[in-house]
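According to Swiss-Prot, the O2 binding site annotation covers 58, on the basis of sequence analysis. Residues or ranges marked as heme b binding site by Swiss-Prot on the basis of sequence analysis: 87. Among the features that Swiss-Prot reports, domain 'Globin' is placed at 1-141. Per Swiss-Prot, the feature phosphoserine maps to 3, 35, 102, 124 (among others). The N6-succinyllysine annotation in Swiss-Prot covers 7, 11, 16 (among others), and the record cites similarity to another entry as its basis. Under the heading N6-acetyllysine, Swiss-Prot lists 16, citing similarity to another entry as support. Residues or ranges marked as phosphotyrosine in Swiss-Prot: 24. Under the heading phosphothreonine, Swiss-Prot lists 108, 134, 137 (among others), citing similarity to another entry as support.
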């Protein structure tokens, strides 16, 4: 459960990310593919090379979904319902992959914003990404 302090940390961090969210989403996705090669199996139709336009575009989709989640932190299940359906019923993404991408998002954000990435912010973002992952995998059961 996200505390009021967690919500404040997530919102303020996401505000600082601003227009870079799509760029960071693409970088985190590329980092996920490089660090956890099995995640590539869901994207056989993508050019997965460094700097790929397809990876960047999908990373922007990830970032846009997270921006929506930040805006609706008090109703993540409602805000993410369609994405949950897509990933559970159509794409059938292994739930562990959300945790792997979340880790890579944390690393990417820490690399770009080291001064703002305090232990408290790290913990809040980790809890937020975990909450989003839980919602995205809730329909698997």
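In case you wondered, yes, glycine gets a Cβ from its N, Cα and C as well.
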(request) Would you mind reading off the Cα separation of residue 24 (phosphotyrosine) from residue 108 (phosphothreonine), to the nearest angstrom? (result) 7
(message) Please give me the recorded positions out of 3, 35, 58, 87, 108, 124 that lie within 10 Å of residue 137 (phosphothreonine), comparing Cα atoms only.
(response) 87
(request) Give the sequence-ordered list of residues that share a chain with residue 102 (phosphoserine), lie 6 or more positions from it, and have CB atoms under 8 Å from its CB. (result) 126, 129, 130, 132, 133
(request) Could you tell me which of these recorded positions, 11, 87, has the fewest other Cβ atoms within 10 Å of its Cβ? (result) 11
(request) Would you kindly give the Cα-Cα distance separating residue 124 (phosphoserine) and residue 3 (phosphoserine), rounded to the nearest Å? (result) 9
(request) Average the pLDDT scores across the domain 'Globin' (1-141) and report the rounded value. (result) 94
(request) Would you mind reading off the Cα separation of residue 35 (phosphoserine) from residue 108 (phosphothreonine), to the nearest angstrom? (result) 13
(message) Please report the distance from the Cα of residue 124 (phosphoserine) to the Cα of residue 134 (phosphothreonine), rounded to the nearest angstrom.
(response) 15
(message) When you rank 58, 108, 134 by Cα distance to residue 16 (N6-succinyllysine), which of the recorded positions ends up on top as the closest?
(response) 108
(request) Quick one: give me the count of other CB atoms within 10 A of the CB of residue 134 (phosphothreonine). (result) 15
(message) Using a Cβ cut-off under 8 Å and a sequence separation of 6 or more, which residues in the same chain sit near residue 7 (N6-succinyllysine)?
(response) 73, 124
(message) On a C-alpha basis, identify the one among 58, 87, 108, 134 that is nearest to residue 11 (N6-succinyllysine); the candidates are the recorded positions.
(response) 108
